[in-house]
Amino acid sequence: MVKETPKGLFTVATPDLSCANVTCMVNFSDPEGYIDSSDDPPLPDGSFFHCTYTVTVYTGYGVELQVKSVNLSEGEQLSIRGADERGTVMVLANHTLLVEGQVIRSPTNTLSVYYRSAADPSMGIFQLHYQIFRLSCSLPKRPHFGEVSVLDLLPGGTARFHCHMGYHLQGEPLLTCLNASLPVWSGTAPSCRALCGGTVKNATVGRVLSPSPHHGPNATQDRSCSWSLEAPKDQRLHLHLERLSLGATDRLVLWSGLDAGSVVLFDSGRSGQIPFEGVISEGPAVRIQFITDLPNHNTGFNIRYEAFERGHCYEPYLQNGNFTTSDPLYGVGTVVQFTCDAGHALEQGPPVIECISARDPYWNDTEPLCKAQCGGDLTGPGGVILSPNWPEWYGEGEDCSWRIHVGEDKRVLLDVQLLNISDSDMVTITDGDEVTARILGRYVGGSGPFKLSSTTPDLTVTFHSDPAGLVFGKGEGFIINYMEVSRNDSCPDLPEIQNGWKTTSHIALVRGARITYQCDPGYDLVGRETLTCQLDLSWSSQPPFCEKIMYCSDPGHVEHSTRSLSDPKLLVGTTIQYSCKPGFILQGGATLTCYGREPGTPVWTSRLPHCVFAEATAGSTLDGGNIALAIFIFVLLLTVLLGGAYVYVTRCRYHSNLRLPLIYPHPYRQITVETEFDNPLYETGGDTREYEVSI
């Protein structure tokens, strides 16, 4: 059977009555509406009901479903299903998890609700409200050694990618969010790679990096790479060795010029001191040659180059730090002071250098390095803990321990902003000193931002990386901010709730304490009813609020009847009209109206009516009349019999009225047939009387 309804196509199939299965499919396409079990058709007794309600909305929009009411019998099933971009069906929620007020969103523009009844003839009820919402593209992944800026995640929005100095973008620099059943970006996110060789004209500032390794069958590529750098005329180049970690068979050579006879500035194949202070070209050009057997993350180099004019010192550079200068032109006599970023410490150089020698200016010492430390004792009121060698890859076999100590009346708050390590590495956070240590958490792999608080003035962060890691530097690292906070062993108090009240499980809001909210009559609670004080002294969720109830609860269906609603939302003023099916008579009011009360919850004007069988009603009335008639006839008959007996006794036998019968019998003799009419006792004295008794 196929029935067209205002909502869409309603299909009911009953292929075999002996199977007692009823299947239906209901399609919705409006931007907002209700899925209500009360709208389902009536079922034959003993039937199983299977129904799928499908909501399909505009492309680029999703379906947001809110559970208004659900009351299922044992054995009934109700599940909310969605589909991914390939059309694969996925279960978003089922009847065991559905609660009133719950909101479920589809990943695409289609959502379906599947319902299956139980063998019990009494079917459960449910009401679900749906509406559309704008779908968006997922947040594009930031490439390693690069950045991404997103203008909008909605269809039409764009994402722009760029790489850090020395890396080159592999892929499209601009992606656009395309409108679809599930919005997607116009292409895959690009990556940032360090290339094998290249040429830079008019070089001013930049970086040359050892090539990024390839994986799979291309792992042996980029064994020999060459770069040419040419500065503007009459300028020279300063090359700063930021990182130099070469394998046993690797070789790095720096030439002051581009031809074969140029002066060698540095050759790693020759024994000697590594010039971490850098090298300076004799002219405007430099050539860099790198030879390796197998490029990988474990070995390689970082070289920063910078052009500068003759008669001046080159501009210093400090990775992961900053400096101040007495002369922005870096002439002779310029003094530069270096400082490191938070989480880093100065290494391999002094904090102050000076530009000397008027004939050929140079710095009296090399710039220092700022490196993220592997462990240490931290006593300040705040700071940052970085994975070793951040922002570069951390090494294998690292064992680091940072011990934080604050004032005795203070506590330590950790704000973990980034935690992305490999599955074989581990970060452990411990509360207390060595004697009273208590583990707050152990973490491997990746994790979103979170916070932790100590219960003592001491807190320790330890990091261990696997010495035999599958891929070196597989994890990005971690950034953990710490700060000194006032001693507090309780969660902050929560405000009172309007049109309701709250109760607390403890006098003090200590860890584990619960606050339960309830609303005044006529109001619904929106949000979680119970909030718990967590270990980090924060509440498990935001406080709820009380919303005025402006609708009546569904009064339900009347057996053997149909109903029509003026408003499916059952708001105040809604009327429900009940009418019985043929062969049944309505007992009670046919119309129910939802009206509001102050205070209180809106209610219906009367109780549900009933539909009773018309023939049974008539038969019951007739049986009552027959019983009354039988009683009347019996009483009448009894009266006549008693009356006849009285007449007989008084007139026929004793010839007197109202006389008492004799107390002794008359003498008699045996009466024969021949003499019976001669007996004076039976003579009437000539009178003939006839008595008519009607029975």
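Every residue gets a Cβ built from N, Cα and C, even glycine.
Record features, source TrEMBL:
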- 135-194: domain 'Sushi' (DOMAIN)
- 196-308: domain 'CUB' (DOMAIN)
- 311-372: domain 'Sushi' (DOMAIN)
- 374-485: domain 'CUB' (DOMAIN)
- 489-548: domain 'Sushi' (DOMAIN)
- C519-C546: disulfide bond (DISULFID)
- 550-613: domain 'Sushi' (DOMAIN)
- 627-649: transmembrane segment (TRANSMEM)
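If you draw a 10 Å sphere around the CB of C519 (disulfide bond), it holds 21 other CB atoms from the protein chains shown. Sequence-distant contacts (6 or more apart, same chain, Cβ under 8 Å) of C546 (disulfide bond) comprise I497, Q498, N499, G500, C519, D520, Y523, D524, L525, V526. For the domain 'Sushi' (135-194), the DSSP counts in helix, strand and coil order read 0 helix, 24 strand, 36 coil. Secondary structure of the domain 'CUB' (196-308) per DSSP (helix as H, G, I; strand as E, B; remaining residues coil): 3 helix, 55 strand, 55 coil.
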